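> Feature list, courtesy of Swiss-Prot:
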type	residues	note
ACT_SITE	246	active site
ACT_SITE	280	active site, nucleophile
BINDING	146, 147, 148, 172, 173, 174, 175, 209, 225, 226, 227, 228, 280	NAD(+) binding site
């Protein structure tokens, strides 16, 4: 397995402390990788800064060609990437290969095209004898911090728009799941000029802090927890860096009495538990209207009970393990606290799986109240709660009564209600009669403590640019 860092176009071994990388399906160590040293972090940023002088002035066509080549290489090595992701994350291999790899390839191809469409406004004469124009220029060096739930996907979401806009990137994948990013580094080094892409390995304290705090870094892009986002914003405040934050969510799933209950059950069974629920948009916080509540709980409980946990290599496996032992304990603790309320009922699941690996049973909890922790706090595991509501006004208020604001869904046959409720929800995305549908052309990003900035779409590309005014006297 490729375990070297990419710095200035060369694969080099880390010079810092070695860290174990685990196989969560078995709970054993896959390998140990040496972190980047402080000197190597500095070297990576300096290399990116030096490369920016030329890369930032390349034509959109040239940048697009590099991105398309990278997309092709990922596609050609799709099986290799899927196997690495499966071993390092515990994802079912068939899901990694069939769902994630095509989406990752599409992200690079989308931004290759978008790079050639980015422009500033052609302005005019707002002062006699002077012509103004607006430019959208790259910022410089971008430090990108990727999470452990979708390691390669999130690396793509960060690399593609930043590079398309003309920036140079230093990427730090999670120390828990670095293998696909390091493999990507190996393939990218022969496509992009030296220094344009750099990939480091290490923990937040030893590598993340010196990277994000480096004076030559102009922007920091993070997908991670609220706590990590707070830390980076505070850490980078003295240098006034631009920050781009995607910090998780607790998606409300609003089910009205007139909803297609079979569609709701199928949707939540799939999108509440996909990737073992380790998804910031997971359909995890159901609000069911009183007329449909009992039926939904019964049917959804039966459906969730059929979800198959197992080996990532098994074609029939739907749920793999959680990412780490520490995360397994966090999920288990959240469910135990919910049980202890006395009014929350475990419909199915609610326990760790016996045997090797970090498995938690797919869980459905009914009877949750608005102020319960299981409703208000992100669990990030295969755990879905159901809360009863009376009317539209109440459920909109409850849905918005959350520190999160990333994703939501509304299930109803009433088109007017769908538009009305969607307009009032304080979430970056609202799906109607579906959930978890993502396309490269549409923006993904939240509000409130879920963060700010957009991934994907032309809005995502613009986030990696600076708007400049040029005035010419004539």
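Any Cβ shown, glycine's included, is placed from N, Cα and C.
Describe the structural context of each listed feature in the structure shown, including burial, neighbouring residues and relevant distances.
Taken residue by residue with DSSP, residue 246 (active site) is part of a strand.
The DSSP secondary structure for residue 280 (active site, nucleophile) is coil.
Residue 146 (NAD(+) binding site) is surrounded by 28 other CB atoms, counting those within 10 A of its CB over all protein chains shown. DSSP gives residue 146 (NAD(+) binding site) a coil state; it is part of no helix or strand.
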> Would you mind listing, in sequence order, the residues at least six apart from residue 246 (active site) in the same chain with a Cβ closer than 8 Å to its Cβ?
222, 223, 224, 280, 406, 444, 445, 446, 450, 451, 453, 455
> Using the structure shown, find which entry in 227, 280 (the recorded positions) has the sparsest Cβ neighbourhood within 10 Å.
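Checked 227, 280; of these recorded positions, fewest Cβ neighbours within 10 Å: 227.
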> Over all shown protein chains, what is the count of other CB atoms within 10 A of the CB belonging to residue 173 (NAD(+) binding site)?
27
> Give me the non-local Cβ neighbours of residue 148 (NAD(+) binding site): same chain, 6+ apart in sequence, Cβ-Cβ under 8 Å, ordered along the sequence.
89, 174, 176, 177, 323, 324
